[in-house]
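According to TrEMBL, the protein carries these features:
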ACT_SITE  THR201  active site, nucleophile
BINDING   ARG229, VAL230, GLY231, ASP232, THR252, GLY253, ASP254, GLY255  substrate binding site
SIGNAL    1-16  signal peptide
Amino acid sequence: VTVALLSLAVLTPTSAASAAALPVVINTWAFRTAAETAWRVLELGGSELDAVERGCGQCEIDQCDGSVGYGGSPDESGETTLDAMIMDGNTMEVGAVAGLRRVKNAIGVARKVIEYTKHTLLVGESASLFAVRMGFPYEDLTTRKSLSLYSEWLNQSCQPNYWKNVVPDSSKSCGPYKRPEEVTYKEEQTSSQRSVHNHDTIGMVVIGVSGTVASGTSTNGAIHKIPGRVGDSPIAGAGSYADSTAGGAAATGDGDIMMRFLPSYQAVEYMRMGTDPTVACQKVISRIQKYAPKFFGAIICANTTGSYGAACNKIPGFTQFHFMVSSPLLSQPTEQVVDCI
C-alpha cells in the first residue's frame, strides 16, 4: 500500500482528498533538502517550531532557487534584504522580520522575536540590530550573482520594475522617479512580472503527532523591488498561518497581490469549517482570481488530521505547482504536483 501511495504521489497530480497521517511536513516548491531537514528534526524529537525553523533555515543556507536567503533578488539599489516569519499554532504567537539587512538567518531571527520580545514584527535596520543582540553575526548578503543580476537590470534600462504613473516613464528608463505635476493614471497591470523560475518563497507547515501546528516562511522578496517593500511572506495570515485547532497554510507567488486577501488565514478558516484542504486551497485561489486573473501564485494547506492539499492559478508558463510532503505514509520526503486552476 505504501509503495502504491508513493507511486501515485509522484506520478499523478493531487486532486482528491489526500490520505491522512501524522506527523506531516508540507512545503512549497520542490525544495527537497528543506523537507528532509524538517522531517529529521521531528524524527529526533524536535518540536514543530524547531522543524519549521530548521527546514526554512536550510533553504536560506542553500539559497533555494536564488529567491530565499542571501545573494539573490537585489532591490533597486542592488542590496539583498530578507523577510521571514514563524508562527506557533498553540499560542498563536508570531515572530517576523522584514527588510532584514546583513543577517543571513532570517527565520532564526524571527524565532527570537517570539522568544525574547512581546512584539510580532521587526523591520529594517532595527531588526538587524536586534539580531546582533541575539547573537547573530553581521554578514554580507551580496554575492557575485546578485551583483550580476543588478548590473544586467541596469543595462536593460531598469526593466522590469515596480513603479507606475511617474516621470520619467518607468517602462523605458531608470529613475530617480517622481510624481508628475498632472497625473494620468494608467490601469494597474495585474499580470505578474515574475515567473515559475523565480519562486520567491519557501513556505512550510508542520503538524506533529498530537495535531500541534506550526508554520513559517523565508524569502529575499521581489527582485528589483523598491527599497522598503514588504510582501506577503512575513505577514501573519498572508505568507502563512497556523492554528492547532484547525490546520496550517502557506502561500507563494506575487506577494503584492496575494497579501491583500490574507490567503493563508482564509484557507485555515475554510478547513476549520470542515472543508477538505485541497478544496480550501482552491477556494482561496478562486477568490483572488476574481480581482487579479493573471496573478502568479499558489498555496499549500494541511489540517490537524494530516490531510493536505495545494492549489495554484493557471497562467502561461505556470500550469502545475510542485511541492514537498513528508508523512508516515511516504518512505521519504516526496515531491508532489497539482494542476493549476
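Cβ from N, Cα, C; glycine included.
Those TrEMBL annotations? Automatic predictions, nothing curated.
Every protein chain shown contributes to the tally, and the Cβ of ARG229 (substrate binding site) ends up with 18 other Cβ atoms within 10 Å. Recorded residues GLY231 (substrate binding site) and THR201 (active site, nucleophile) have their alpha carbons 10 Å apart, per Cα-Cα distance. Sequence-distant neighbours of ASP232 (substrate binding site) (same chain, 6+ apart, CB under 8 A from its CB) are ALA238, GLY239, ALA251, GLY255, ASP256, MET258, MET259, PRO263. THR201 (active site, nucleophile) is 13 Å away from VAL230 (substrate binding site) when you measure Cα to Cα. Pairwise Cα distances among ARG229, VAL230, GLY231, ASP232, THR252, GLY253, ASP254, GLY255, the recorded substrate-binding residues, top out at 16 Å. Taking the Cα atom of each, GLY253 (substrate binding site) and THR201 (active site, nucleophile) are about 7 angstrom apart.
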